[in-house]
Amino acid sequence: MTALTLSTSGAATLRADALVVGIAKGPKGPVVAAGAEAVDKAFDGKLASVLETLGASGAEGDLTKLPALSGLKTPLVVAVGLGPVPEKDDAFPAEALRRAAGTAARALVGVKKAGFALPIESVEDAEAVAEGALLGAYNFTAYQDQADEKDAKKLPLAEVALLGAKPRDKAFKAAAERAIALAEEINRARDLVNTPPNDLYPESFAAVAQAAAKEHGLKIQVLDEKALAKGNYGGILGVGQGAAHGPRLVKISYTHPKAEKSLAYVGKGITYDSGGISLKPAGHNETMKCDMAGAAAVFASVVTVARLGLKVNVTGWLALAENMPSGTATRPGDVLRMYSGKTVEVLNTDAEGRLVLADALTRASEENPDAIVDVATLTGAMMMALGSRTFGIMGNDESFRTAIHEIAEEVGEQSWPMPMPAELRKGMNSDTADIANMGERMGGGLVAGLFLQEFVGEDIAWAHLDIAGPAFHEAAPFGYTHKGGTGSSIRTLVKLAERTADGDLG
Ligand code: BES
Ligand code: MN
Ligand code: ZN
């Protein structure tokens, strides 16, 4: 893991391999941001014009490397774009800082130590830069030969020295600790998502959770096939029964002795979604190792909450199964008796996420938490609606849904509230069972939300995050977002727990 330190030296005296500074996009070319004064001085006050000559604009994503000739103790200067110059007296948006730091960190693969001298006006700014740098300094190389010397270059930036933060100030120190815990767990969730499905299957995922639970003093319970059968978890078993690797339900709990509120986080953990007997066509299953991103997010969030010692109880439920076609697989037309007792006619085995989630939601409801949030790469329809960077939020409680949307916005995650129109329920009417696992094609993401709602305990505030779009990034990397697993929704879930611990919600 990349190390983070709050630097006690200034930009002119820091000894490092590189120094990162910010530039903003002004009306007449790039503008040097606060924090870069020493670098500007080293360039005779001409840093902005030098950068403009090199084609820099200060726009988001813009990155220019310059050799430092004199006046600095670093050989390399990296100037990153922060986007438009803020209105008078305004600071840069936290997400602009986070992304700029991430862009710089990504460009510094193979580098040992870099100083980040971005404009920091507050503790929040410092934390955003730290998060962006640590999330940008990520690379999934577990399956690439590290012994090869030329591949050693791919190792992420080893040390981030944050400039402009007060190293002896309690608030800055706490912010750094929080950024480290959060980024490490997000990066671990990314690893889980990126791990190929031949190595990450329900049993091995559960083992990772068990190890983490031991490390952080969390309570954990793993139900295997036998225990699931004994407990009548028909949804999880029905999805998992076609695979050689059996399903699991993991309960991982963090409790605080003085907690007044409890949250349940429920994650879809399909370690591979082939579609089952309703097999996905070629071109649609190559990235389906990402279908456990919800469970990874839940897992990472619970561990982060524990590391931060928040005054709230959080239970994570990981509904793990591999969705495969075989002679033992659930057939379209089969009826499953769910954990809740409801029967579901499986019309399409590719609508499997809602089946495993339904059981976990019912089970989570039994413990009567103050709120439940489920996270799932649930529908292609949500990607159609919101694109690949925004998750949809549904739920049974408008103010809770709004709160989550606002929290997501605050932590720099793109989301949008979605409705659950009641008239879509009848599309799931079944001739044979209580409900079918599919309804109208139009509004497919909302239909899935309506299905899930049937398995949530009455009077429990519940929100459903459909992260099918942002969970797995297939386009070119940007900011702190790499190709592959992103760790989508973890920052939102952790902030929600913090708000709940502080008594700011419900
Ligand atoms: N895991 C998929 C949804 C998905 C698609 C996630 C693309 C990420 C990227 C889910 O299990 C699924 O297959 N959903 C179906 C539901 C349909 C059969 C009702 C879908 O969206 O097509
Ligand atoms: Mn599916
Ligand atoms: Zn799926």
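Here the Cβ of each residue, glycine as well, is placed from N, Cα and C on the backbone.
The C-beta environment of Glu352 (Mn(2+) 2 binding site), restricted to residues of the same chain at least 6 apart in sequence and closer than 8 Å, consists of Val239, Ile270, Asp273, Gly276, Ala321, Asn323. The Mn(2+) 2 binding site annotation in TrEMBL covers Lys268, Asp273, Asp291, Glu352.
Taking the Cβ of Asp350 (Mn(2+) 1 binding site) as reference, residues of its chain lying under 8 Å away and at least six apart in sequence are, in sequence order, Asp273, Gly275, Gly276, Ser278, Leu279, Lys280, Asn323. Per TrEMBL, Mn(2+) 1 binding site is recorded for Asp273, Asp350, Glu352.
The annotation active site is assigned in TrEMBL to Lys280 (among others). Look at Lys280 (active site): DSSP puts it in coil.
Across the domain 'Cytosol aminopeptidase' (348-355), mean pLDDT in this model comes to 98. Annotated domain 'Cytosol aminopeptidase' per TrEMBL: 348-355, in sequence order.
For Arg354 (active site), the count of additional Cβ atoms within 10 Å of its Cβ stands at 27 [all protein chains shown]. In this structure, Arg354 (active site) is part of a helix by DSSP. Per TrEMBL, the feature active site maps to Arg354 (among others).
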**Prompt:** How long is the line from the C-alpha of Asp291 (Mn(2+) 2 binding site) to the C-alpha of Arg354 (active site), rounded to the nearest angstrom?
**Reply:** 12
**Complete:** A correct count of other C-beta atoms within 10 Å of the C-beta of Lys280 (active site) gives 17
**Asked** Apart from Lys268, Asp273, Asp291, Glu352, which residues in this chain have a Cβ no more than 8 Å from the mean position of the Cβ atoms of those residues at the Mn(2+) 2 site?
**Response** Val239, Gly269, Ile270, Met288, Met292, Ala321, Asn323, Gly353, Val356, Ala376, Thr377, Leu378
**Request:** Scan Lys268, Asp273, Asp291, Asp350 for binding-site residues whose C-beta lands under 6 Å from an atom of ligand 3 and note them, or write none.
**Result:** Asp273, Asp291
**Complete:** Here the Cα-Cα span from Arg354 (active site) to Lys268 (Mn(2+) 2 binding site), rounded to a whole number of angstrom, reaches 8
